[in-house]
Amino acid sequence: MEGPEITFAEAMLDNGRFGARTVRFETGRIAQQAQGAVAAYLDEETMLLSATSASKHPKDNFDFFPLTVDVEERSYAAGKIPGSFFRREGRPSTEAILVCRLIDRPLRPSFVDGLRNEVQIVVTVLSIAPDEFYDALAINAASASTQISGLPFSGPIAGVRLALIPGNGAHEDQWVAFPKASQLEEAVFDLIVVGRVLTNEDGTEGDVAIMMVEAEATEGSWNLIQGGAVKPNEEVVAQGLEAAKPFIRQLVGAQAALAKQSAKAIADYPVFLPYSQETYDSVAALAYDELVNVYQIADKVERQNADDALKERVKAALAEKAQAGALDAEALTQFSAAYKSVSKVVMRGRVLREGVRIDGRGLTDIRPLDAEVQIIPRVHGSAVFQRGETQILGVTTLNMLKMEQQIDSLSPVTKKRYLHHYNFPPYSTGETGRVGSPKRREIGHGFLAERALVPVLPSREEFPYAIRQVSEALSSNGSTSMGSVCASTLSLLNAGVPLRAPVAGIAMGLISDVIDGETRYAALTDILGAEDALGDMDFKVAGTSEFVTAIQLDTKLDGIPSSVLASALKQAKDARTTILSVLDAAIDAPDEMAPTAPRVISVQIPVDKIGELIGPKGKTINAIQDETGADISIDEDGTVYIGAVDGPSAEAARAQVNVIANPTNPEVGEQFLGTVVKNAAFGAFVSLLPGKDGLLHISEVRKLAGGKRVESVDDVLSIGQKILVEITKIDDRGKLSLAPVLADEAETHGHDAASEGPTEG
């Protein structure tokens, strides 16, 4: 029996002194019933399967393209058995959902307009090497399987992850393609760029057009920059976009080579144009002039009400024309799309010709800003940030490091101490809708805000807390995610988190059109929701006054010239500087921690003392926690974290930990208020401090009975009884002999028997 015909193509990406990475695409061996199936390999050890399928018939009454992207993480890929009760994979991890979004965002605009057949792309992680990320490889796999599927898809598109690793004087700084997780620890910036290769009019290859960008400064970037590494400012980020182009070109070439051998012919899928030219002309004739006035109303609600009223009038007029036979009956089903298209022309034309936006602002103007902290009682930190009609509430909660998130996924990242959760309730846009578990968009927005702030967080040693930041979008009219970054900076400072620098974010938009035979671009600062919906780009940039901490770019175009993006980056910095001044006016330094926040301190103990501190079955550590009311957690390196609701409780626990793990040798003559823990025929054992017991011999017990003979220690002392004792002898093995301190002796020594702990005799 003959086996399947297997074809492959590969790209070798040269990383200079860091070696090379090989990306290989293979088809024909597995998943042969899918319209397109490609196995993508990274250096032969990481393997993904991407399968693209399409329904046979278009969906009726759909006015959008029904594309679904799913990422399936298989535990066997990393040699693991799932940790769930049923020992099988459940719902997608947060990391898998984020990769779904990375694939969907550049692929969706690459399908032909008007396609209504359901298309599903399933990427399954079959094998992953330790220290590797699979997200950028998944973008390429999804594009390759779609490219050979016979669907009307204007690919290939390619994605590459780059890390900027400083040369530290010995070498030049270098952008490394497909870096390992360990290499990211040495990097100051992490960048995922997706693009396509344009074709010139003469059929030759043109420039690489950028379709999507995800980027962030790394967790270690601050320390690296302080040590002399390059700051990832706007110029450096623009260089990174250029550095990605050769790698994208190679990956696109490999996909094209595979498609040349294996692609199916483009099938004849029905395409449903959103409207006919006749419908568009009719709507434009009825609505254009009034829309010009509507899109000069600054207030969102007032503008929406005027727009809705006009829309109803135009629709009624269109219905009359259709009823009279002057217009095709399908015009009514095409009306909404045609009306939106006319609205887009009105808005874009005014911006490009006059440089004036919907609310009357210029291209670089920011809406009114407002910032306020400490607005919610009892929480550890809170703030409200408002930019125009976008209003975000930020709330910070602090806890011990043992509350950090443990991540069970195929990502090299296994735990996170900073969690950022974003909520977008329906009332934020004046609507009704479902509330409950977060949707993919909310997860993505929260992760973007998280990435923006991680580079400026204090280290675990400087601030030993787990931090949960929640952003509530209370009102939305453009870029709630960047508003979340600003509100979070305020809230974290209000909670007493010593940020290394404040961070602000701004959303940039892009309008492009052919005016007088020339393609013009206009970058918009601080876009409205309508400018996002009717524009060509959503470009979010967050950072400090010195460097960029996070970027997210989405576009509805086939690609954007990198020169346009570089200009938008510089424009975003000016806006960011303005916002940072407003944040600084609201709070310019960390506040004192709230009384309701836990106090966490740390103690370093020898590793060989960890077992002694824990005690048999946790007896010792539990006793300290019960006695002091503190929570204690221990890291493998001997770092002990102590958390309590107040400082004295934490200090009491630290003192007891030090007695056990960092002990000072007890001396004869020291006095302790101890606790009787065991009675024997020859005396009583008294606990002086956790892990330190001494023997009160029966001959010494007699002193407590006035010198009379004692038949049983139980007649004089009971378990749990407090007794003031003095160390009288320490033998060669460290065993302690005790004697009771009688009332007259205690008075002589001036000892307050109400306080526990050692006292000098």
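Placement of Cβ uses the backbone N, Cα and C atoms for every residue, glycine included.
Features reported for this protein in Swiss-Prot:
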type: BINDING; residues: Asp532, Asp538; note: Mg(2+) binding site
type: DOMAIN; residues: 598-657; note: domain 'KH'
type: DOMAIN; residues: 669-741; note: domain 'S1 motif'
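Computed over the domain 'S1 motif' (669-741), the whole-number mean pLDDT of the model equals 86. When the binding-site residues Asp532, Asp538 are scored by other C-beta atoms within 10 Å, Asp538 scores highest.
Using DSSP to sort the residues of the domain 'KH' (598-657) gives these counts of helix, strand and coil: 32 helix, 16 strand, 12 coil.
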